[in-house]
Amino acid sequence: MSGKPVLHYFNARGRMECIRWLLAAAGVEFDEKFIQSPEDLEKLKKDGNLMFDQVPMVEIDGMKLAQTRAILNYIATKYDLYGKDMKERALIDMYTEGILDLTEMIMQLVICPPDQKEAKTALAKDRTKNRYLPAFEKVLKSHGQDYLVGNRLTRVDIHLLELLLYVEEFDASLLTSFPLLKAFKSRISSLPNVKKFLQPGSQRKLPVDAKQIEEARKIFKF
């Protein structure tokens with residue numbers, strides 16, 4: 001039996017993508033079992049594989065882990081991407097929460113009701129430009145290192161890179177005023193494991209399209 005982690009999710013970004021990113025950055029190969037129908041999801045539930053009847057779920061080290069943050073915490077700890085002490089870990093957690101907040105805001109736009117789309121898009125752009133990106137630009141300036149925390153790669157660097165790439169897809173002009181973040185994006189993107197994950201043919205998922213959204217609605221009933 002393969003010793004690789006096995007990821008159970010829909011064949012799209014969603015809440016699994018940050019997990020894919022972190023595993024790839026750690027140089028960990030993984031397999032994926034895609035949920036392609038309501039029956040696939042129901043079988044996982046009936047077999048007792050989903051603690052809260054939800055995905056993402058990752059099989060790793062004999063466990064079936066649910067909840068995105070719990071999975072990320074385990075991977076980061078296992079592969080030494082969680083800082084060198086409690087203070088670094090606290091900073092990593094704080095920065096990560098902000099990153100995930102903005103990531104969620106941007107990703108939710110694709111399933112936003114049409115009558116709310118304009119207002120929510122404007123809010124996401126405002127939060128990106130005036131709250132979140134300035135905060136991380138300030139961190140990079142004050143810390144003065146190649147990384148957000150300490151002087152080596154941690155999970156939060158990968159989470160921030162993923163976010164910056166989403167921002168670039170969303171509206172590339174939002175990055176214009178943040179030279180340190182642009183340099184950070186280039187720097188982290190050039191790391192060997194990350195560079196490999198960014199290449200065509202990797203397990204990185206493309207932006208979701210209308211067909212995928214419709215398929216996901218049928219499976220997950222949202």
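Going from the start of the chain as shown, residues are counted 1 onward.
In case you wondered, yes, glycine gets a Cβ from its N, Cα and C as well.
Copied over from Swiss-Prot:
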BINDING   Tyr9, Lys45, Gln54, Val55, Gln67, Thr68  glutathione binding site
DOMAIN    3-83  domain 'GST N-terminal'
DOMAIN    85-208  domain 'GST C-terminal'
MOD_RES   Met1  N-acetylmethionine
MOD_RES   Lys4  N6-succinyllysine
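Each residue contributes its Cα atom, and for the residue listed as 'N6-succinyllysine' and Thr68 (glutathione binding site) these two points are 18 Å apart. Sorted by the number of other CB atoms within 10 A, the binding-site residues Gln67, Thr68 start with Gln67, the lowest. Sequence-distant neighbours of Val55 (glutathione binding site) (same chain, six or more apart, CB under 8 Å from its CB) are His8, Tyr9, Phe10, Arg15, Met16, Ile35, Leu41, Leu44, Ala66, listed in sequence order. With helix defined as DSSP H, G or I and strand as E or B, the domain 'GST C-terminal' (85-208) counts 94 helix, 0 strand, 30 coil.
Counting residue by residue with DSSP, the domain 'GST N-terminal' (3-83) contains 32 helix, 16 strand, 33 coil. The Cβ of Gln54 (glutathione binding site) lies under 8 Å from the Cβ of Ala66, Gln67, each of these being in the same chain and 6 or more residues away along the sequence. The Cβ of Lys45 (glutathione binding site) lies under 8 Å from the Cβ of Asp53, each of these being in the same chain and 6 or more residues away along the sequence.
Cβ-based neighbour count (10 Å, all protein chains) for Tyr9 (glutathione binding site) stands at 21.
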